Amino acid sequence: MDGTEANRRSCTKEAETEPLQAVEAAGPGEKDSSSHPGNDRVTLKKEIGLLSACAIIIGNIIGSGIFISPKGVLEHAGSVGLSLIVWVLGGGICALGSMCYAELGVTIPKSGGDYSYVTEIFGGLVGFLLLWSAVLIMYPTTLAVIALTFSNYVLQPAFQNCVPPYMATRLLSTICILFLTWVNCSSVRWATRIQDFFTVGKLLALGLIIVVGLVQICRGYGQNLVPSVAFEFLKEPSVGQVALAFLQASFAFSGWNFLNYVTEEVVEPRKNLPRAIYISIPLVTLVYTLTNIAYFSSMTPEELLASNAVAVTFGEKLLGMFSWVMPISVALSTFGGINGYLFTSSRLCFSGAREGHLPHLLAMIHLKNCTPIPALLVCCIATIFILCVGETHNLINYVSFINYLSYGVTIAALLYLRWKKPDIMRPIKVSLLIPISYMVFWAVLLGFSLYSEPVVCGLGMVIMLTGVPVYFLGVYWKNKPKWVYSTLERVTYVGQKLCYVVFPQEDLSEMEPLTASKASD
């Protein structure tokens with residue numbers, strides 16, 4: 001894991017029968033633009049338009065959570081009215097964060113999201129710690145949990161009176177992960193089309209819930225939404241409980257930053273990245289709020305708290321013989337979520353390897369398909385390993401803390417960059433009030449998390465900090481024994497042979513605008 005620029009080599013298709021020859025044949029100074037149809041280079045293709053960009057954001061935010069877990073917000077908020085306020089404000093806070101990421105995404109237009117920005121601004125160690133925790137725990141665990149949710153809902157009709165068997169859910173989850181990995185390895189276009197399709201499916205399912213709920217309100221069944229009733233507290237919430245309600249809502253919005261992981265594959269990223277963010281976040285906030293209103297129009301707070309799957313209970317109560325639509329909707333939603341997480345997390349591995357923080361093999365793409373096959377395979381194998389280990393839901397608590405911590409570190413990086421380099425080119429420049437407001441809210445929630453769940457937060461920090469010795473041994477230490485380098489070379493050689501991959505040609509003029517600004521400082 002040596003991070004020298006000299007190891008980044010470009011490639012051509014002159015020797016398609018032998019990828020290693022293709023690596024050696026190319027010159028380092030040759031230019032490329034993947035947007036030209038006649039281009040004979042191997043590079044990540046810009047195939048994500050505005051619609052697909054919106055689908056990536058919406059598809060990664062809307063998973064199984066809105067169908068299952070609104071009761072977490074209600075449980076901590078204590079009343080229908082306050083829980084709806086939490087959902088709206090949670091979307092607002094998410095919008096503040098997404099505007100900050102829009103500025104970072106067009107100022108530092110690299111794939112890799114949080115990791116790339118923090119590495120560029122704070123340096124290798126801080127960036128590596130985010131990368132380490134994401135690759136080691138965060139994304140494999142999240143993928144495993146989403147895959148298990150998919151399997152449980154697909155198998156539930158066959159096991160109506162009991163929980164689906166342990167091995168059956170693991171097997172179906174593994175098949176799902178393998179299939180979507182194959183799709184993502186085969187074509188970026190296929191992967192984005194799947195994302196588009198399932199995102200539309202999610203919105204249609206939530207639209208059905210919203211329409212049915214509005215019909216109930218028009219028929220006079222919205223008593224729970226009358227202010228005098230809505231603010232009747234089941235129990236008086238403390239400030240800490242309200243903070244935990246916001247934390248639950250903020251986790252339901254997680255995924256709003258995922259388009260930043262694939263910036264280099266977005267068509268005209270300086271235009272489409274912020275546009276997609278500004279379209280998707282308000283849309284998701286509106287849909288989430290209306291969906292919760294629909295739930296409360298037909299279910300009492302007690303019924304909602306007693307349900308383990310709110311949308312399924314809603315369907316059983318109102319859809320009659322069509323109640324089967326809800327479990328299928330949850331399954332389809334999670335299937336699209338798995339595809340989105342695989343697509344984006346593989347680009348994080350790719351970006352980390354390109355910076356020299358992961359083995360160079362992971363920075364290679366397929367010679368014909370131009371997809372990061374080694375990075376996708378690592379994500380797939382890590383997820384299947386987590387599935388086989390056993391209990392995943394304990395790990396998800398640590399994941400949530402690490403994920404939330406990374407948001408704050410990234411927004412802090414934006415503020416630091418504003419102070420350190422005030423004159424660099426920023427196609428989008430948000431008001432300083434936006435990142436400062438987000439950081440205040442983030443610090444309050446983080447403080448209450450540390451107070452209410454000290455063990456979980458402490459273990460999350462330990463997981464992240466285990467990356468410190470790995471960084472100094474694997475990245476910072478340059479004079480390793482020769483056998484280490486020879487072993488890595490052999491592994492890379494075999495990996496290239498098996499996966500038929502080469503290093504892509506990079507357009508540094510697009511990826512590193514900070515370099516040009518440094519010359520003028």
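Glycine too: its Cβ is placed from the backbone N, Cα and C atoms.
The compositional bias 'Basic and acidic residues' annotation in TrEMBL covers 1-16 (among others).
Here TrEMBL flags 1-40 as region 'Disordered'.
TrEMBL lists 29-40 (among others) with the feature compositional bias 'Basic and acidic residues'.
According to TrEMBL, the transmembrane segment annotation covers 48-68 (among others).
Using a Cβ-Cβ cut-off under 8 Å and counting only residues 6 or more beyond its ends in the same chain, the transmembrane segment (80-104) has close neighbours at 70, 73-74, 113, 117, 224-225, 227, 229-231, 233, 237, 242, 245-246, 249-250, 252-253, 256-257, 260, 273-274, 277-278, 281-282, 284-285, 288-289, 292-293, 296, 301, 407, 410-411, 413-414, 426, 428-430, 434-435, 437-438, 441. Residues or ranges marked as transmembrane segment by TrEMBL: 80-104 (among others).
The feature transmembrane segment is assigned by TrEMBL to 125-151 (among others).
What TrEMBL lists as transmembrane segment is 171-191 (among others).
The annotation transmembrane segment is assigned in TrEMBL to 203-222 (among others). Beyond the ends of the transmembrane segment (203-222), by six or more residues, the same chain brings 58, 62, 66-67, 287, 290-291, 293-298, 311, 314, 318-319, 325-326, 329, 332-333 to within a C-beta distance below 8 angstroms of the stretch.
If you look up TrEMBL, you'll see 242-263 (among others) marked as transmembrane segment. If one looks beyond the transmembrane segment (242-263) by at least 6 residues along the same chain, the residues whose Cβ comes under 8 Å of a Cβ in the stretch are 48, 53, 56-57, 60-61, 63, 65-66, 69, 72-73, 75-77, 82-83, 86-87, 89-91, 93-94, 97-98, 101, 104-105, 109-114, 117, 269, 273, 276-277, 280-281, 284-285, 288, 340, 343-345, 347-348, 351, 400, 403-404, 407, 410, 444-445, 448-449, 452.
Outside the transmembrane segment (275-298) by six or more residues, the chain places 50, 53-54, 56-58, 61-62, 66, 70, 80, 83-84, 87-88, 90-92, 94-95, 98-99, 101-102, 203, 206-207, 209-210, 212-214, 216-217, 221-222, 224-225, 230, 252-253, 256, 259, 304, 310, 314, 317-318 with a CB less than 8 A from a CB of the stretch. For 275-298 (among others), the entry in TrEMBL reads transmembrane segment.
Look at TrEMBL and you will find 318-344 (among others) tagged as transmembrane segment. Counting only same-chain residues 6+ beyond the ends of the transmembrane segment (318-344), those with a CB under 8 A from a CB of the stretch are 56, 59-60, 62-64, 67-68, 113, 139, 142-143, 146-147, 149-150, 153-154, 156-157, 176-177, 180-181, 183-184, 191-192, 194-195, 197-199, 201-202, 205, 208, 212, 216, 255, 258, 261-262, 298, 309, 311-312, 376, 379-380.
Under the heading transmembrane segment, TrEMBL lists 373-392 (among others).
Among the features that TrEMBL reports, transmembrane segment is placed at 398-418 (among others).
Marked as transmembrane segment by TrEMBL: 430-452 (among others). Counting residues 6+ beyond its ends, the transmembrane segment (430-452) has Cβ neighbours under 8 Å at 93, 96-97, 99-100, 102-103, 239-240, 243-244, 246-247, 250, 401, 404-405, 407-408, 411-412, 414-415, 418 in the same chain.
Long-range contacts of the transmembrane segment (458-477) within its own chain (CB-CB distance under 8 A, at least 6 residues past either end) are made by residues 1-3, 124-125, 128-133, 136-137, 356-357, 397-399, 401-402, 405. TrEMBL lists 458-477 (among others) with the feature transmembrane segment.
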One stretch in 48-68, 125-151, 171-191, 373-392 has more Cβ pairs under 8 Å to the transmembrane segment (398-418) than the rest, namely 125-151
To the transmembrane segment (171-191), which of 48-68, 125-151, 373-392 is linked by the most Cβ pairs under 8 Å?
373-392
Restricting to the same chain and to residues at least six past its boundaries, which positions have a Cβ under 8 Å from a Cβ of the transmembrane segment (373-392)?
135-136, 139-141, 143-145, 147-148, 170, 173-174, 177-178, 181, 184-185, 342, 345-347, 349-350, 353, 361-366, 495, 499-501
Distant-in-sequence neighbours of the transmembrane segment (125-151), which means Cβ under 8 A and at least six residues beyond its ends:
63-64, 68, 114-116, 118-119, 164, 168-170, 172-174, 176-177, 330-331, 334-335, 337-338, 341-342, 345, 348-349, 352, 355, 357-358, 378-379, 382-383, 385-387, 392-393, 395-396, 398-399, 402-403, 406, 409, 463-468, 470-471, 475-476
